[in-house]
There are 6 protein chains.
Amino acid sequence: MAREDGRGPDQLRPVKITRSWLAHAEGSVLVEFGGTKVLCAASVQDSVPRWRRGSGLGWITAEYAMLPRATNTRSDRESVRGKIGGRTHEISRLIGRSLRACVDYKALGENSIVLDCDVLQADGGTRTAAITGAYVALADAIAWMRKRKMCPGDPLVNSVAAVSVGIVGATPLLDLCYTEDVAAETDMNVVMTGTGEFVEVQGTAEGVPFDRSTLDALLDLAATGCTELTLRQRESLS
Amino acid sequence: MAREDGRGPDQLRPVKITRSWLAHAEGSVLVEFGGTKVLCAASVQDSVPRWRRGSGLGWITAEYAMLPRATNTRSDRESVRGKIGGRTHEISRLIGRSLRACVDYKALGENSIVLDCDVLQADGGTRTAAITGAYVALADAIAWMRKRKMCPGDPLVNSVAAVSVGIVGATPLLDLCYTEDVAAETDMNVVMTGTGEFVEVQGTAEGVPFDRSTLDALLDLAATGCTELTLRQRESLS
Amino acid sequence: MAREDGRGPDQLRPVKITRSWLAHAEGSVLVEFGGTKVLCAASVQDSVPRWRRGSGLGWITAEYAMLPRATNTRSDRESVRGKIGGRTHEISRLIGRSLRACVDYKALGENSIVLDCDVLQADGGTRTAAITGAYVALADAIAWMRKRKMCPGDPLVNSVAAVSVGIVGATPLLDLCYTEDVAAETDMNVVMTGTGEFVEVQGTAEGVPFDRSTLDALLDLAATGCTELTLRQRESLS
Amino acid sequence: MAREDGRGPDQLRPVKITRSWLAHAEGSVLVEFGGTKVLCAASVQDSVPRWRRGSGLGWITAEYAMLPRATNTRSDRESVRGKIGGRTHEISRLIGRSLRACVDYKALGENSIVLDCDVLQADGGTRTAAITGAYVALADAIAWMRKRKMCPGDPLVNSVAAVSVGIVGATPLLDLCYTEDVAAETDMNVVMTGTGEFVEVQGTAEGVPFDRSTLDALLDLAATGCTELTLRQRESLS
Amino acid sequence: MAREDGRGPDQLRPVKITRSWLAHAEGSVLVEFGGTKVLCAASVQDSVPRWRRGSGLGWITAEYAMLPRATNTRSDRESVRGKIGGRTHEISRLIGRSLRACVDYKALGENSIVLDCDVLQADGGTRTAAITGAYVALADAIAWMRKRKMCPGDPLVNSVAAVSVGIVGATPLLDLCYTEDVAAETDMNVVMTGTGEFVEVQGTAEGVPFDRSTLDALLDLAATGCTELTLRQRESLS
Amino acid sequence: MAREDGRGPDQLRPVKITRSWLAHAEGSVLVEFGGTKVLCAASVQDSVPRWRRGSGLGWITAEYAMLPRATNTRSDRESVRGKIGGRTHEISRLIGRSLRACVDYKALGENSIVLDCDVLQADGGTRTAAITGAYVALADAIAWMRKRKMCPGDPLVNSVAAVSVGIVGATPLLDLCYTEDVAAETDMNVVMTGTGEFVEVQGTAEGVPFDRSTLDALLDLAATGCTELTLRQRESLS
């Protein structure tokens with residue numbers, strides 16, 4: 001089965017990571033996975049949430065959102081509706097957990113970093129692009145802090161990258177674009193460290209439940225994708 | 001490592017499924033996984049959401065919530081705070097997706113079933129107990145509908161059950177209670193069909209990222225647990 | 001006029017008070033008035049609201065809510081709608097006021113007790129069952145506190161119980177079930193102390209305004225009911 | 001015990017009912033009970049809420065609110081806080097129920113009347129002043145409708161008036177002002193028809209529970225007050 | 001073109017300023033511009049918002065709202081809808097900015113004054129009436145403070161008044177009533193000090209964009225109106 | 001007085017208009033006024049709001065928002081706070097009114113265009129950049145509609161552009177950047193058509209009230225700026 005953009009089943013879309021896209025943020029990245037564009041801003045705060053004060057430990061949190069016309073059809077703003085939808089909540093939490101996996105809170109000291117991931121244009125894989133880009137913004141923000149000697153140690157103990165995989169028409173595919181995502185029977189988002197361990201594995205049978213061998217094939221594919229993305233992050237940061 | 005309640009690492013807590021716990025609901029179950037008690041109510045509606053009208057297809061949805069004193073420390077009501085938290089949203093969506101995996105929408109006709117899963121007492125695994133109990137409530141509600149000839153066919157094409165697994169002190173454990181859940185380095189919720197396929201796999205590295213062999217061990221353990229829970233569901237329904 | 005469940009006009013429905021229904025709460029009761037089931041949890045907090053700090057006095061508050069499928073037809077969750085309805089507010093306030101009538105704030109010290117009354121199943125009289133059950137949960141919570149020497153004195157100076165009365169088809173009836181409540185011309189909720197004084201009297205002409213002799217008959221009936229409920233509370237607590 | 005404004009215990013404060021205070025409303029009244037000033041506006045709508053459509057019956061509803069500086073200390077606006085407080089809800093519901101007691105829905109036809117009662121200045125008894133004034137605004141609105149032949153019959157079958165009574169320092173007092181209200185051990189709001197029946201009786205023990213003879217004394221006093229207020233309403237309308 | 005109430009194009013409607021309309025507020029005014037009636041209450045607080053603490057400077061803020069039946073057709077309460085509309089926000093901010101223009105924060109000391117402007121009846125020009133009346137209430141509140149020696153100096157350094165102007169059928173008109181406002185092609189609200197400078201100029205082309213000469217004519221007219229209103233304020237305060 | 005970026009007092013910052021920045025929107029522009037970057041998306045809908053149905057007329061509306069890290073310090077998301085702030089409301093309304101001034105509703109037919117203006121980076125003048133960019137996005141969306149013959153005529157009857165002007169240190173300056181905006185005594189936003197008429201004039205004395213000659217100088221400066229911006233819009237569209 002040919003993919004609509006001519007990629008092989010185990011090929012990523014063109015990945016573009018533009019650092020320092022914003023003037024004010026301590027770290028900022030415009031990350032593109034094909035037609036998906038996410039603006040990631042890392043904001044440093046020299047304080048931690050109330051429940052963590054006095055612990056000597058830092059904190060990392062994330063907020064994900066989509067501009068109303070990021071998608072093919074305009075969707076209402078969550079600020080206008082007055083509440084945040086379940087999907088937004090879920091993805092914000094996933095991004096936060098993922099990035100916390102590569103940070104040493106003690107070395108960070110009692111500082112916080114907020115990662116705002118705003119989808120400017122959506123074509124599938126917005127959460128995985130957000131995690132992959134947010135890591136680079138986080139690395140820049142931490143470099144900014146270290147230059148100012150804000151941290152007692154080096155808080156960045158690893159890197160994280162994320163990719164989506166799925167079964168479309170019985171074939172396992174890497175990095176689904178929107179039309180593939182809609183057609184997928186099974187859909188999985190995988191977050192891995194730069195050293196190849198899993199941080200998050202979220203697989204969902206959209207239509208037909210899947211067996212263990214399918215799961216294994218998808219995990220293999222995801223590992224390939226994350227390895228490749230880790231390389232792109234390193235190139236971008238060097 | 002001994003578990004605090006003396007269980008083996010691959011043993012479920014005592015499971016209790018009490019059907020028809022409520023007088024009004026078309027299907028209702030009080031499900032207990034050890035100290036975790038979830039009241040699952042299935043409500044039949046002879047209509048579908050607007051976006052599905054005229055399709056001839058049914059719909060299944062779920063809402064999860066926790067009573068303020070289900071937990072060791074009282075938490076504020078979401079109705080009083082005026083908004084639903086991210087965790088609640090996320091679990092409601094998970095339960096809905098899980099149960100949709102065992103239903104044939106066409107055979108259901110243009111009817112909806114809402115599954116309300118209210119945690120009366122929490123001791124770990126509330127979402128997996130909710131899914132396991134909600135399936136039984138759903139089966140009862142569908143039987144109620146079929147007796148009234150509301151469905152064009154038999155909508156129940158499979159069963160679903162769910163269990164949590166995790167790594168505590170390097171040991172993979174099945175069906176974590178609250179203290180184990182808090183101590184877990186890696187935590188995974190797995191939803192499987194009665195025929196042994198995966199519906200949802202959600203693994204999270206709480207502390208240390210995990211490798212593929214750990215993931216494999218956890219999936220094996222979860223499969224054992226879901227097989228056992230499927231048996232309990234069948235016994236309860238027969 | 002015969003009542004649908006064969007009771008005499010001045011007879012209560014079967015009352016069942018199950019203490020310690022929840023593992024975590026300092027006091028908890030599942031109270032049943034016939035088909036009405038309310039779960040009452042008393043949560044002790046060693047602090048008081050801001051406006052009361054430094055006064056040396058304690059505080060008692062209550063929150064009432066109904067599960068979506070407590071009723072014959074499913075109702076939307078208040079947390080999902082994003083606001084609490086007037087009826088919920090009104091009943092929460094009534095329960096709080098009622099229980100405050102049997103507590104000596106000075107003897108309680110600067111501690112608070114929150115009473116959560118969640119209706120699991122509704123068949124009329126949910127607020128009166130809630131008050132009657134919450135008193136027992138409160139007594140248990142206060143006993144728990146006294147064992148831990150948290151209170152400067154004995155805060156429990158009386159008991160409270162509540163019952164509904166109404167005129168259905170010209171006959172005054174005690175403890176209305178749902179179908180009687182709907183049919184009632186006049187409906188009254190009465191909260192009394194264990195020593196026979198009134199705490200709250202709330203009478204409403206649903207259809208036809210009522211005269212003084214009707215009011216008197218209803219108050220007599222309510223006094224009978226509250227005396228009986230006080231006995232049940234004492235039996236349960238001994 | 002002398003009252004601070006020199007009234008006898010069974011005397012109302014000066015009552016002033018100014019009709020047609022607003023230019024746009026179909027009925028409007030500025031009602032004053034001493035220092036309490038409530039602006040009551042009756043708005044006619046030629047439709048009914050959805051659940052009542054096609055029934056041939058009308059509907060009456062009410063909304064109560066207080067300006068931020070009606071009270072001695074400024075309170076926050078409920079619109080700014082984003083939610084309506086329990087007290088506001090409770091009083092709005094009370095006013096609605098009270099006025100529905102004097103209306104024949106069939107004679108009203110499928111029309112609605114909304115009664116907005118906005119407290120411009122508060123000095124105790126705002127809810128009872130609101131009910132007493134809203135009745136006059138309602139009567140004017142119904143006259144306006146009948147002139148336009150909007151109603152199939154005469155919807156006004158009775159009148160309603162309301163007054164507060166309470167025990168202050170062991171003495172039963174009529175029509176409590178703010179300082180008396182704060183000092184009251186027992187507080188009761190009574191709504192009566194022009195023909196002397198009860199519509200609502202809401203008695204609350206603020207401090208000490210009260211016995212039947214106290215209740216009887218308060219009801220007697222309230223009946224006196226409502227009779228007097230009914231006279232004032234008639235004078236105002238003639 | 002004759003105006004419906006017989007005024008000349010450069011004539012204000014009858015202006016009425018009633019001071020001390022409320023008993024509790026430190027300053028209060030019922031201001032009337034023809035059929036427009038706004039109740040302005042100034043509330044003194046001996047504190048400032050958090051961001052201003054320790055600065056030695058005071059603060060002035062305002063809130064504007066409309067009663068539901070101030071208008072010809074009843075509108076929903078913002079408290080019931082759960083959010084404040086854009087128009088309300090915009091006008092509240094305008095009133096606050098306008099009044100801050102005549103206050104010396106240093107002379108005010110760390111005190112705040114909140115100006116509540118509630119429209120009881122609307123017939124065009126509610127925001128300009130609110131500003132004009134709120135100034136008088138502010139002056140009274142400041143006098144009240146100075147009598148109590150709360151202010152380090154005299155905070156009132158100028159006065160402000162406001163008026164609307166517009167082009168209706170090619171003629172520039174002063175102080176538009178509602179029907180004129182609806183018919184206006186261009187509509188401008190102008191806030192000026194008692195010494196003749198501009199504080200706010202807000203002109204909007206409702207239909208046809210306007211040229212500089214039209215703008216000049218409207219500004220001239222507004223200056224005339226504000227001069228006249230300043231006189232009325234002085235008369236009222238003397 | 002030299003400006004920090006070396007501009008003359010009547011000089012605009014570098015203006016950059018990038019069309020078709022988004023793949024999905026019918027019209028989209030990334031507009032830059034120096035460091036201010038606003039993403040404007042025009043979304044076409046073949047329907048109108050309810051109150052306009054059946055009129056044969058179209059509608060234009062706008063929503064303005066700022067990303068959390070558009071500014072120097074991170075601000076909370078309005079979706080998370082659950083309500084839209086007054087400033088956001090005010091600017092959204094201004095943009096909508098401004099763009100409606102260049103559209104013939106009849107020629108548009110019963111179609112709507114929503115203009116989403118999201119500030120990605122803020123350095124003063126975000127609202128004027130938004131209006132100037134949104135006009136270009138609107139023109140593209142209308143061209144898209146006309147190609148598909150959705151409009152009965154040509155809805156674009158004029159163009160609009162906007163600029164800020166202000167008095168900083170007694171000098172009138174064009175197109176204020178953030179530091180100038182903060183320092184300005186008087187601040188004015190002016191929206192003009194491509195043919196030189198005014199659509200909106202909003203002047204505010206931030207500190208000292210201003211006289212007529214200052215107002216005149218600012219209007220002259222604004223006219224210069226809008227003429228220049230109109231040219232840039234034309235170049236971009238040709």
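Glycine too: its Cβ is placed from the backbone N, Cα and C atoms.
Annotation comment: TrEMBL describes F:Arg87, F:Gly125, F:Thr126, F:Arg127 as phosphate binding site. In the three-state DSSP scheme, F:Gly125 (phosphate binding site) falls into the coil class. Around F:Gly125 (phosphate binding site), the same-chain residues at least 6 positions away in sequence with a Cβ under 8 Å from its Cβ are F:Phe33, F:Thr36, F:Val163, F:Ser164, F:Asp175, F:Leu176, F:Cys177, F:Asp181.
Sequence annotations record features per position, and here TrEMBL assigns domain 'Exoribonuclease phosphorolytic' to F:11-141 (among others).
If you look up TrEMBL, you'll see F:159-223 (among others) marked as domain 'Exoribonuclease phosphorolytic'.
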Among F:Arg87, F:Thr126, the one of these binding-site residues whose Cβ has the fewest neighbouring Cβ atoms within 10 Å:
F:Arg87
Identify all same-chain residues not among F:Arg87, F:Gly125, F:Thr126, F:Arg127 whose C-beta atom falls within 8 angstroms of the centroid of the phosphate site's C-beta atoms; report them in sequence order.
F:Tyr64, F:Ile91, F:Val119, F:Ala122, F:Gly124, F:Thr128, F:Ala129, F:Ala130, F:Asn189
Which chain-mates of F:Arg127 (phosphate binding site) that are at least 6 residues away have a CB under 8 A from its CB, listed by sequence?
F:Tyr64, F:Ile91, F:Leu94, F:Ile95, F:Ala162, F:Ser164, F:Asn189
Using DSSP, how many residues in the domain 'Exoribonuclease phosphorolytic' (F:159-223) fall into helix, strand and coil?
18 helix, 30 strand, 17 coil
DSSP tally for the domain 'Exoribonuclease phosphorolytic' (F:11-141), helix/strand/coil in that order, comes to 42 helix, 41 strand, 48 coil
Longest inter-residue Cα distance for the phosphate binders F:Arg87, F:Gly125, F:Thr126, F:Arg127, rounded to the nearest angstrom, is 13
